[in-house]
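What follows is a set of notes on a single structure, which appears directly below.
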């Protein structure tokens with residue numbers, strides 16, 4: 001039983017991580033040597049601040065379950081008579097549910113990061129950024145007005161810029177953080193225009209007040225429908241960028257350049273969740289505008305399917321999970337657009353825990369692979385260097401599996417219940433959206449199980465450097481590679497040895513007799529020294545299970561990944577209530593045994609109605625097992641090969657590979673048309689500025705200077721020159737003007 005707290009104590013939830021971030025950052029900036037000596041104390045302080053925020057959130061949520069109240073605490077910021085702006089915090093079920101989500105995932109990430117970044121020189125700086133990131137998101141979810149939401153959104157964007165580019169010495173990380181920052185500025189500019197338009201219409205920034213005023217004005221016909229929909233779509237442009245919706249999704253895969261714990265926090269509870277939360281917060285505003293809702297639903301539907309196809313052929317473990325996030329966010333936006341906001345937020349919660357578990361599990365794998373293949377992401381994150389890791393990392397492999405199956409939509413894991421509700425609602429609204437959602441479910445099961453099979457099943461492939469060919473290294477079936485007809489990237493013993501040798505430099509290395517020592521410079525590669533080289537055939541290296549600080553968060557996150565979805569069983573997602581307590585029933589329904597017993601019937605009904613979508617997910621798992629599970633000779637594939645023309649299949653898979661590896665060619669189009677177009681326009685403006693604007697100003701200055709110099713040389717005080725000028729001045733008109741000669745008398 002948690003202690004009772006006043007709702008005014010909600011201000012401590014974002015304040016705790018903010019205070020920890022300020023203290024850690026100040027100590028690191030002003031006293032760097034002291035910060036390095038107290039690094040573990042700083043990490044403990046940041047973790048404790050989030051634990052405090054979590055307990056306050058849980059206590060307030062327990063009280064909210066009993067009172068069902070909505071409260072605001074506001075203070076005047078700009079108290080002018082003609083323009084009044086207040087700041088404060090809003091307490092309702094949606095806010096507290098998001099607060100619990102952010103704090104629980106944040107605690108797992110902070111505990112996990114202690115071991116993951118223990119060798120990094122930016123350890124203290126990382127924790128300062130991490131706490132500021134969490135505090136910004138908590139400030140966003142408690143914001144009662146659009147201006148405050150916008151301010152905290154900018155803070156979230158700034159923190160993502162700092163964390164994606166944390167290893168700024170790597171050019172790829174520096175470019176990735178800039179790309180994320182610029183792409184999100186496009187959405188934020190649209191959001192700023194939308195906020196300005198909302199104030200123009202309603203005269204208020206307060207969320208509940210503006211929703212009521214807009215509904216009243218719209219009912220009276222006092223608003224132009226075209227203008228109202230334009231304002232709503234401008235507001236939606238912010239979530240399009242923040243939640244990586246098509247076509248502003250291009251920053252999300254590059255965000256994997258940051259440390260893996262940050263990838264988990266960005267994809268689960270902060271950066272991308274901010275967009276979905278904002279749609280839910282203004283849902284009462286946009287739900288009365290059918291054209292806007294139609295546009296939102298199709299943006300989500302278009303994002304869902306390409307996100308799944310782009311993940312099919314990825315070799316990078318984190319990049320594959322990133323495209324999975326893009327696809328699942330498309331589900332949430334689609335559900336919001338068709339009016340199923342309950343299902344959207346339910347899927348946000350279930351997906352957050354499943355994706356946090358998957359990302360932290362991938363970080364555990366990458367951390368262990370670094371001592372075998374080096375720190376370079378092209379090797380340590382390449383799934384074709386892995387295989388059989390469940391034998392060497394049993395806890396990571398065991399916890400990664402429920403996260404994978406949950407994202408695949410397999411019951412009774414959490415994402416199954418929320419995803420099935422969205423698919424059902426999609427079929428009721430539009431057959432095209434339903435088809436896209438169902439097809440994505442099958443593709444998701446294929447590529448997520450592919451990730452698991454390539455990483456944890458089979459044999460460990462990184463040490464197979466002798467007598468290895470491409471078709472052996474990459475799983476094949478009777479000569480057909482998973483990439484199609486083209487041969488995959490060569491991975492011979494010589495190439496592997498050269499790649500490892502490039503890592504074994506003498507610079508910044510540490511040698512101990514007969515032992516392997518790893519030193520990771522900030523933003524650089526791990527350095528291998530000693531007698532036991534990674535590619536030594538006499539003493540091969542294998543991954544090992546991560547430390548307890550890394551596996552404990554995996555075990556903890558596996559619990560909600562398995563059970564949190566049961567909270568939504570039996571809730572009718574088609575109910576059209578617009579009150580903000582729609583999450584309350586879900587999150588407290590499984591707390592009592594009587595509620596659970598009442599949901600046994602709906603549970604059976606839900607499972608029965610989900611047979612079509614579940615069949616597609618199982619089919620995706622089966623196909624993935626056929627292609628990539630070759631070490632388990634259970635499925636006979638000859639029957640499938642007889643049904644499908646091998647050349648046709650090879651060409652089809654090759655095209656899918658090209659589409660996925662080249663990221664749908666979208667980045668190329670952006671570079672060809674937008675980047676080059678903007679560069680050409682910038683050069684044109686530069687030339688116009690240099691030759692027209694500057695030319696006119698410089699020409700005026702040069703003519704004044706020339707005239708002044710001429711006058712200075714002419715007025716030198718010499719009488720002879722003055723007389724010469726006088727004679728010339730008199731003679732010149734006489735010689736030029738033709739005076740008439742009078743006739744003789």
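Cβ coordinates are placed from backbone N, Cα and C, and glycine is handled just like the others.
All TrEMBL annotations are machine predictions without curation.
Model, not experiment: these values are computed from the prediction.
Feature annotation from TrEMBL assigns domain 'NADH-Ubiquinone oxidoreductase (complex I) chain 5 N-terminal' to 77-127.
Under the heading domain 'NADH:quinone oxidoreductase/Mrp antiporter transmembrane', TrEMBL lists 143-444.
Same-chain residues lying 6 or more positions outside the transmembrane segment (41-61) and placing a CB less than 8 Å from one of its CB atoms are 2-5, 7, 9-10, 12-14, 16-17, 19-21, 23-24, 27-28, 35, 91, 93, 96-97, 99-100, 103-104, 106-107, 110-111, 113-114, 123-124, 127-128, 130-131, 134, 138, 587. Among the features that TrEMBL reports, transmembrane segment is placed at 41-61 (among others).
What TrEMBL lists as transmembrane segment is 87-112 (among others).
Taken from TrEMBL, the feature transmembrane segment applies to 124-143 (among others). If one looks beyond the transmembrane segment (124-143) by at least 6 residues along the same chain, the residues whose Cβ comes under 8 Å of a Cβ in the stretch are 10, 13-18, 20-21, 24-25, 27-28, 35-36, 39, 42-43, 46, 49-50, 53, 89-91, 94-95, 98-99, 102-103, 106, 109-110, 113, 117, 149, 152-153, 155-156, 158-160, 162-163, 166, 259, 261-262, 265, 269-270, 273-274, 277.
The transmembrane segment annotation in TrEMBL covers 149-169 (among others).
Cβ atoms under 8 Å from those of the transmembrane segment (181-202) belong to residues 146-147, 150, 153-154, 157, 160-161, 209-210, 213-214, 217, 223, 227-228, 230-242, 248, 250-251, 285 of the same chain, restricted to positions at least 6 beyond its ends. According to TrEMBL, the feature transmembrane segment maps to 181-202 (among others).
The transmembrane segment annotation in TrEMBL covers 222-241 (among others).
According to TrEMBL, the transmembrane segment annotation covers 262-289 (among others).
The transmembrane segment annotation in TrEMBL covers 392-412 (among others).
Counting residues 6+ beyond its ends, the transmembrane segment (432-453) has Cβ neighbours under 8 Å at 297-298, 301-302, 304-305, 307-309, 311-312, 314, 317, 320-321, 324, 327-328, 330-331, 334, 338, 383, 400-401, 404, 407-410, 419, 422-423, 426, 612-613, 616-621, 623-625, 627-629 in the same chain. Here TrEMBL flags 432-453 (among others) as transmembrane segment.
Residues or ranges marked as transmembrane segment by TrEMBL: 551-571 (among others).
Taken from TrEMBL, the feature transmembrane segment covers 611-629 (among others).
Feature annotation from TrEMBL assigns transmembrane segment to 722-741 (among others).
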Residue list, the transmembrane segment (392-412) vs rest of chain: Cβ under 8 Å, 6 or more residues beyond ends. 324, 328, 350-351, 354-355, 357-358, 361-362, 364-365, 368, 419-420, 441, 444-445, 448-449, 451-452, 455-456, 460, 542-546, 551, 554-555, 557-558, 561-562, 565-566, 607, 610, 613-614, 617-618, 620-621
Over the span of the domain 'NADH-Ubiquinone oxidoreductase (complex I) chain 5 N-terminal' (77-127), count residues by DSSP class, listing helix, strand and coil in order. 29 helix, 11 strand, 11 coil
Among the ranges 87-112, 149-169, 222-241, 262-289, the one whose Cβ pairs under 8 Å to the transmembrane segment (551-571) are most numerous: 87-112
Please identify the stretch among 87-112, 222-241, 262-289 with the greatest number of Cβ pairs below 8 Å relative to the transmembrane segment (149-169). 262-289
Tertiary contacts of the transmembrane segment (87-112), as residues 6+ beyond its ends and Cβ separation under 8 Å: 7, 10-11, 13, 17, 43, 46-47, 50-51, 53-54, 57-58, 60-61, 64, 68, 70-75, 77, 127, 130-131, 134, 137-138, 141-145, 148, 207, 261-262, 264-265, 268-270, 273, 277, 280-281, 345, 348-349, 352-353, 356, 360, 363, 549-550, 552-553, 556-557, 560, 580-584, 587
In this predicted model, the domain 'NADH-Ubiquinone oxidoreductase (complex I) chain 5 N-terminal' (77-127) has a mean pLDDT of 85
